[in-house]
Amino acid sequence: MRSYDYSDNAEQKINWKVFQLVWPYLLDYKARIVLAIVCLVLSKAANVSGPFLLKNIVDTLSEGGANSLILVPVALVIAYGFARFSMIILGEIRDTVFGRVTERAMTEIGLKVFKHVHRLDLDFHLNRRTGGLSRDIERGINGISFLMRFFVFNIAPTLIEIALVIGIFFFNYGIAFAAITMFAVVLYILFSMMTTDWRTAFVREAARADSVTSTISIDSLLNHETVKYFTNEEYEANRYDRALLDWEEAKRKNRLSLLGLNTGQGLIISVAMTSMMWLAAERVAEGSMSVGDFVLINAFMMQLFIPLNFLGFVYREIKGSMANIENMFSLLDLTSGVKDITDAPELQITEGVISFNQVSFHYRDDRAIIRDLSFTIQSGEKVAVVGASGAGKSTLVKLLFRFYDPNAGSISIDGQDVSQVSQQSLRRAIGIVPQDTVLFNQSIFENIRYGDPHASDEEILQAIRLAHLEDFIAQLPQGSATVVGERGLKLSGGEKQRVAIARTILKRPPILIFDEATSSLDSKSERSILSALQEISEGHTSMVIAHRLSTVVDADRIIVLDQGSMVEQGSHRELLSLKGRYFELWTAQLRDHG
Ligand SMILES: Nc1ncnc2c1ncn2[C@@H]1O[C@H](COP(=O)(O)OP(=O)(O)OP(=O)(O)O)[C@@H](O)[C@H]1O
Ligand SMILES: [Mg+2]
């Protein structure tokens, strides 16, 4: 089963494949990429020229010719300033120019993954924590940005610069300087990489502790009502406190290991610098090098090691980013269990006849939910499905919507197998008022508009009237602009159901399904809504699922479901005269309510 476990991706290996994945999305902006690379090269050139200018300034100054004292150093100083400025400004231009490329790639990939994930089947979504999924996408997108910024424009150019400087040292000052630099850089990089890998365990532990504390606090705060009902504030605080202690401990290890990394890096840099300076000082004393050369070497070393300072962090983040990007792309490889056949035709609704032919279905292999079920709902007929909780009534609806495919048998609408037509056209044809209505955290008006995004305001008001929402909305200070809260929690169950009904009215589908559509309403509202529903479903094929049998006595036919099998069917009268299961249910409910 697919599931989401917390994992820190930094553990994985450097993964070059990621560039292959991202590359195609960058290609739209060839000109910008070329311009960015030109800026990069020019700024590196400016950067490398800096120490040379410095050397010349120092040398001219220390030679101290009377006339050169004014003119030459001034020119050199200005040139030096210009080089520094060019380096900075070219770097900025490069980032600005390339930023657009990165952002476009990020939005394009993000949108693509978002669309793809919405196309995946229900099973995928049920098995995956939504928070985890959106975090995967977000991390992947941020990974792209990080990779571009740090790898393409930081690490790679720095490596090139190192090679250049080693070359310069070798040709100008001989093997010793080049060798020390090379040795120091290699040692530095190896040390940083190894220490970072070693630290990963601590970083991961800290990240996990971080995630645990936030999960605990979110879960606890989300359930604030339950916490109050059971007066478990203290218990919750203790749980949170324990998690925080773990977090502190993990952070401590993380911090200490960082100290180790930074100390080691500092040591390598200092030893390398000291030996280079020593060597250079000796040469200056001998007279084989000028003071300017001494300054030049010093300047180069400083320039080289500053970007390397972040190497440990960048190395880990780049590995993490690469893994995150790959992780996000791997979502694109997932395919839905429920797929359209190639060139799936649209469902053509003529009569709206629904038939289940020997349908069997299970969610898990070890438990059958629907067993060999066959029935037909004729055009314009209203069929009720009743049965105990867990009998499989809502599952029938999910099968009809093709959220799942039956394990055996088939379902067809107007003679077309639902698995042979496009899911879009199938779902467009069916309207549902579901058992648990979940609303978007938007206004009531926008939530109703969801039934048909192109509907006019007039049509929406009409739907509001039909769903008997008018009076309720009139009581609200902000009317239909009232925002309903996360998942619609600021509305009562009955109000949510009426919003769902209005939404379905707006969709105007040929086939209607009501899954306990009025279960949260009081008898009076229920009656008025039922009559409204009757109006809407007039002439439509409809399936009504209900516990309260009084709401389905007028159905053309009632199907009694028991553990996924149909045990009886017929009209209310016929079923009563059978004196079977329906009769039992009916008399039991009469006893309770009457
Ligand atoms: N995604 C799922 N994975 C595994 N089992 C599931 C899943 N969805 C539902 N079930 C199980 O399938 C059985 C039938 O569920 P269904 O929702 O169809 O019942 P129902 O008849 O609509 O019940 P109720 O009247 O309470 O709404 C239940 O026992 C439920 O636990
Ligand atoms: Mg149900």
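If you go along the chain as it appears here, the first residue is 1 and each next one adds 1.
Glycine too: its Cβ is placed from the backbone N, Cα and C atoms.
All TrEMBL annotations are machine predictions without curation.
Annotation comment: TrEMBL describes 34-320 as domain 'ABC transmembrane type-1'.
Summarising the annotation, TrEMBL assigns domain 'ABC transporter' to 354-588.
Residues or ranges marked as transmembrane segment in TrEMBL: 33-54 (among others).
Taken from TrEMBL, the feature transmembrane segment covers 66-90 (among others).
Counting residues 6+ beyond its ends, the transmembrane segment (146-169) has Cβ neighbours under 8 Å at 18, 22, 36, 40, 44, 47-48, 94-95, 98, 101-102, 105, 177-178, 181-182, 185, 297, 300, 303-304, 307-308, 310-311, 314, 317-318, 321-322, 325 in the same chain. The transmembrane segment annotation in TrEMBL covers 146-169 (among others).
According to TrEMBL, the transmembrane segment annotation covers 175-194 (among others).
Taken from TrEMBL, the feature transmembrane segment covers 258-281 (among others). Long-range neighbours of the transmembrane segment (258-281) within the same chain, counting only residues 6 or more positions beyond its ends whose Cβ lies under 8 Å from a Cβ of the stretch, are 176-177, 180-181, 183-184, 187-188, 191-192, 195-196, 199, 289, 293-294, 297-298, 301, 305, 308-309, 311-312.
As annotated by TrEMBL, transmembrane segment applies to 293-315 (among others). Residues 47, 50-52, 54-55, 58, 150, 154-155, 158, 161-162, 165, 168-169, 172-173, 177, 181, 185, 188-189, 192-193, 195-196, 199, 261, 265, 269, 272-273, 276-277, 280-281, 283-284 of the same chain, all 6+ positions outside the transmembrane segment (293-315), place their C-beta atoms under 8 angstroms from a C-beta of that stretch.
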